[in-house]
Every structure is written in C-alpha cells, then in structure tokens.
Amino acid sequence: MNKGISFLVTVALMALVSSLASASDPSPLQDTCVAIDEPKDAVFVNGKFCKDPKLTVAEDFFFSGLDKPGNTSNPVASNVTTVNVEQIKGLNTLGISMVRIDYEPYGQNPPHTHPRATEILTVLEGTLYVGFVTSNTENRFISKVLSKGDVFVFPIGLIHFQFNIGKTNAVAIAALSSQNPGVITIANAVFGSDPPINPDVLTRAFQLDKSVVNHLQSRF
C-alpha cells in the first residue's frame, strides 16, 4: 500500500473511532420542541414531531400540584408523582425530568433502576436510608442515612432504593437526566411479568424452593 492510500485509511479509521467514542443523543436543534401526537402544524426535529415553535405557549412548559402529597395507601407505603415529558410536553429534547416521592413511616421506594437516567435526590422532610448497588461482579452496596436538606446521587442504570426509617412522613424531590427516564421495579419485573417467567428459571436464579417462587409470583 502506498503512503497516500495508507494515510487516507488511517484518517478514515481515526474518524470512525472518534465518531463511535462521542456517540450520544443529538442536541436540540431549536429552542423548543414541544411534543405533540398529531403532526398537524408540526415540524420534524430530532426524530420527533414537534409543535411549531411559533405556536408554543406557557402551558406547554407548566405543571401544577407538586406541593400536594401523593396517595401512599399501597403495599410499599410510598407514592411517586412523576413530572416528565408526558406531563410537560415542553420537556421534549431537553433531557431532564423530576419526581416528588412521599413516604409513610417505614414506607419505601423499593429497589428499582432507571435505564435512561442518573437521579439526584433531595430530602425535604424526614429521614431516609438510601443506597445503590454497583454492577457485576463487584456488586458493592453503597448506602447512607439522609436528613432534611441532604442530597444523594444514584448513577444511571444501577439498582437503588429509599426507605423512610423515621416515625413521621418523609418527602423527597428528585431530578433525573432524561425527559423519560423509565423505571424498572425489580420485584415487579421479575415476579410480576406478563406472561410470568417460567418458575424453573427463577428457582435456579434465586436459589429458592419452587413453592416460594410460586408464592412470590402470586403476590405480584
């Protein structure tokens, strides 16, 4: 191979590696991209139909009611009030969302993951025991007790939880680095899938008696 061709091949390979290394979601191409279901009066930006920016209004960027406690009358004694692109259409392409979490005494936001977002949580009231587990093969558990005003970060994709260890209600606000972070609650996903996962799979995976697996699947 002559030097000219060799140089061009090297440049092409460097460009390919560079493009792979910097791969990410595209940045917004305009100030706003309010998501709409009907493409009438829309422009196509970043793979989504968006309202014409000239037609956007304040309501596209507004949500009310985050001051109100959520209903915690459920088996885990907590409630997550979500504010993502489904509630505020103007969040489309902006890569951010938030939640309010209410906990009864000894209530918890059970072990779960957000496949598309890192979470930063602030305690507004109460005392929370929080933690996350690093990925295989280390599986290191990192935890801390948080009080009012404390902040904690849960890295993207890692299993994490919050547990109200106080005798009074607790409240937290969390921001997430995605307009639609997604959530996978571990117990619900594993034991409550539809259709159910074959119990033989879960029996070996969790090293449990099959009757225990059957019982857990009946609970979810």
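In case you wondered, yes, glycine gets a Cβ from its N, Cα and C as well.
Record features, source TrEMBL:
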SIGNAL    1-23  signal peptide
DISULFID  Cys33-Cys50  disulfide bond
DOMAIN    64-214  domain 'Cupin type-1'
BINDING   Asn109, His114, Glu119  oxalate binding site
BINDING   His112, His114, Glu119, His160  Mn(2+) binding site
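Most other Cβ atoms within 10 A: among the binding-site residues His112, His114, that distinction falls to His114. Between the C-alpha atoms of Asn109 (oxalate binding site) and Cys33 (disulfide bond), the distance comes to 32 Å.
In this structure, the CA atom of Cys50 (disulfide bond) is 26 Å away from the CA atom of Glu119 (oxalate binding site). The residues near the oxalate site, meaning same-chain residues not in Asn109, His114, Glu119 whose C-beta sits within 8 angstroms of the mean position of the site's C-beta atoms, are Val99, His112, Thr113, Ala117, Leu121, Phe154, His160, Ala174, Leu176, Pro181, Val183, in sequence order. Neighbours of the Mn(2+) site: apart from His112, His114, Glu119, His160, residues of the same chain with C-beta atoms within 8 angstroms of the site's C-beta centroid are Thr113, Ala117, Phe132, Phe154, Leu158, Ile159, Pro181, Val183. The two recorded residues, His160 (Mn(2+) binding site) and His114 (oxalate binding site), have Cα atoms 9 Å apart. Rounded to a whole number, the C-alpha distance linking Cys33 (disulfide bond) with His112 (Mn(2+) binding site) is 30 angstrom. Across the structure, Glu119 (oxalate binding site) and His112 (Mn(2+) binding site) place their CA atoms 12 angstrom apart.
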